[in-house]
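Inspection log for the structure reproduced underneath, given as structure tokens.
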Amino acid sequence: MIRRNARVKAFQILFQMDMNDISPKDAILYATDEESIHPFTSELVYGVSEHKEKIDQMLSDNLVNWSLSRLALVEKTLLRIATYEIKYKEEIPIKVSINEAIDIAKEYGEENSGKFINGVLSKLVDEQ
């Protein structure tokens with residue numbers, strides 16, 4: 001559950017970064033005391049930020065009849081986090097990354113967000 005909470009906090013921070021066009025450090029300071037942030041949250045925020053262009057290209061390559069710019073920010077942010085985990089955090093099982101993204105999407109996204117995220121991430125994994 002600790003990692004789930006860290007993912008949710010990273011999702012909230014990355015969401016705010018996109019909404020307000022602010023740096024990871026500023027977003028983290030706004031969301032929480034930097035000393036009290038879970039290391040996994042920080043790792044996700046900085047990792048997604050550092051690899052955002054590559055992640056977005058991977059996602060764009062796996063979207064069918066969609067463009068990244070058309071995605072709702074909830075789905076886009078969760079896809080970025082899961083893609084970062086899948087591509088850059090080999091110690092995390094792919095299934096865990098996908099399931100966590102789906103579960104968080106069900107909580108924060110639209111009715112079909114979980115299914116959409118599952119489809120995009122499954123295609124991305126199949127491409128590997």
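Note that Cβ sites are derived from N, Cα and C of the backbone, with glycine treated the same way.
Whatever TrEMBL says is automated annotation, not expert-curated.
Listed in TrEMBL for this protein:
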type: DOMAIN; residues: 4-125; note: domain 'NusB/RsmB/TIM44'
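Note on the domain 'NusB/RsmB/TIM44' (4-125): its mean pLDDT in the predicted model is 94. Per-class residue totals from DSSP over the domain 'NusB/RsmB/TIM44' (4-125), listed helix then strand then coil: 97 helix, 0 strand, 25 coil.
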